[in-house]
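Contents: one structure, followed by commentary.
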Amino acid sequence: MACQAGEEYRIEFVIHVRVKQKHLSSYNNNEIMTKTMAEIPTDEVGDIGRRYPSRVSRRHIHKEDEDEDEDEDEEEEEDDEEEEEDNSNSKSQLKPYEKKSLRDQKRQAKGQIRTGTWTKEENMAFLHGVRTCGKGNWSIIAENFIPTRTTRQVKSKAHTELKLHGKNSGNYSELDEYLKEHPDFLKNMKTESDAVTARDQERQAKGQIRTGTWTKEENMAFLYGVRICGKGNWSIIAENFIPTRTTRQVKCKGQTESKYGRNSGNYSELDEYLKEHPDSWRNMKTESDAVTATSLSSKTKSKTKMSKSTTTKTSTSTVIGKIIYAIRQLNEPGLKGSSRQSILKYIKSEFNNYDHTTALKTAFKKAATGVDKILIQNGQSFRVIGDPIIESEQQTKSTTRTKMNKKISNHKISTQAKISSQKSSKKQNKNKENGVTGAGGVGDDGTTITGASVVDGDGDEDVFYDAVQELNE
């Protein structure tokens, strides 16, 4: 016999109860069978129907599954949107160490990070970074000296070295021997910062570079350089203000100062030191132009001795050297100098379409702000400070202009005198021809006038005033 849907549900419910709930086995089968569908909750009916579904219930089950899937997809999309919003907000509010970890993750994704045992080059780069930047600055060492390792790896390396060698692990004899055997190690070391210059290497070979803790004088010189040149110009600061440190050491110093927020725009300590030691900057050996007053005075004295034929050599390897060379070659008249467009055109034509616009823009910005102490900006034009060639030529031009002005003024005076004398001689000749009497006359205001009276045919007397009048004072 065919069973109806209600009977099927009741049989299924009985089976479910007998299997899952043993304590109901004491009930009579008749009592359980007499339970109606109204007494059974809908949730239980749905669960039972899913185990032994009929044709009618299958349709309802499929609809319910589809609705549940749609609800789950909507919830997942909302969760993804919330995560994206959280990530965008977190990126803007990231802390420095979090940014560095993200940078390491990007480098790991690109396959730039190594794992496993450290190579000989990495060990030497680690020692060089610790000697240059000091212990504790692991992120700076990883960024500037060991691009194949993350900050976490460098930190763990330092901890293992401390465990092996103890606290007094400041022995760099192995590094010095390695540098002697491999003199090009620092040049070939791939870092994200600027490479060590040849000048720093020569000074290191001569023993002019110090290592270890910075002295009071070096700290004050660093502050003075940052105050004048601004943050980021580490090569200029190292070259002009701290001859006992390399560019890399100065950069590490700047990064550590900014990391801990020390001396960020506060130069009170520097001002006190300058008051106590006013001659410290005069004795400081600098290699830049226009830093001390003595260099400027020597330049001004040599201006008069320089001639037009003499030319000074300027290195055109740097951007600022190209700009100075262009200004000298253009030699546009006036004290304002050459415009930016004319300088750029000349550089592009002279140096095989040199088109490093970013470098030129930074050079012009430094010139405008007075960082390089070489160029000065007047409006939209630039000229070289203390350039003996340009200023001597400008002086000769100004002297020739003054001489020409004097000649023109003298010529004007002489021509005016000649014209006035010619006019007076012409008038005298006319008076003689018309019968001039040498008598003078008296004017209406009582002044005696040396003139000439002519008697016409009518007998009227006309008085002619000459160019020269003598007034009775």
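Glycine is treated like the rest: Cβ placed from N, Cα and C.
Some features that TrEMBL has for this protein:
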type     : residues : note
REGION   : 57-116   : region 'Disordered'
COMPBIAS : 65-87    : compositional bias 'Acidic residues'
COMPBIAS : 96-107   : compositional bias 'Basic and acidic residues'
DOMAIN   : 110-162  : domain 'Myb-like'
DOMAIN   : 113-166  : domain 'HTH myb-type'
DOMAIN   : 113-167  : domain 'SANT'
DOMAIN   : 206-251  : domain 'Myb-like'
REGION   : 285-310  : region 'Disordered'
DOMAIN   : 312-386  : domain 'H15'
COMPBIAS : 393-402  : compositional bias 'Polar residues'
REGION   : 393-460  : region 'Disordered'
COMPBIAS : 412-423  : compositional bias 'Low complexity'
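Per-class residue totals from DSSP over the domain 'Myb-like' (206-251), listed helix then strand then coil: 27 helix, 0 strand, 19 coil.
DSSP states for the domain 'HTH myb-type' (113-166), grouped as helix (H, G, I), strand (E, B) and coil, give 36 helix, 0 strand, 18 coil. Along the domain 'SANT' (113-167), the predicted structure has mean pLDDT 82. Note on the compositional bias 'Low complexity' (412-423): DSSP counts are 12 helix, 0 strand, 0 coil.
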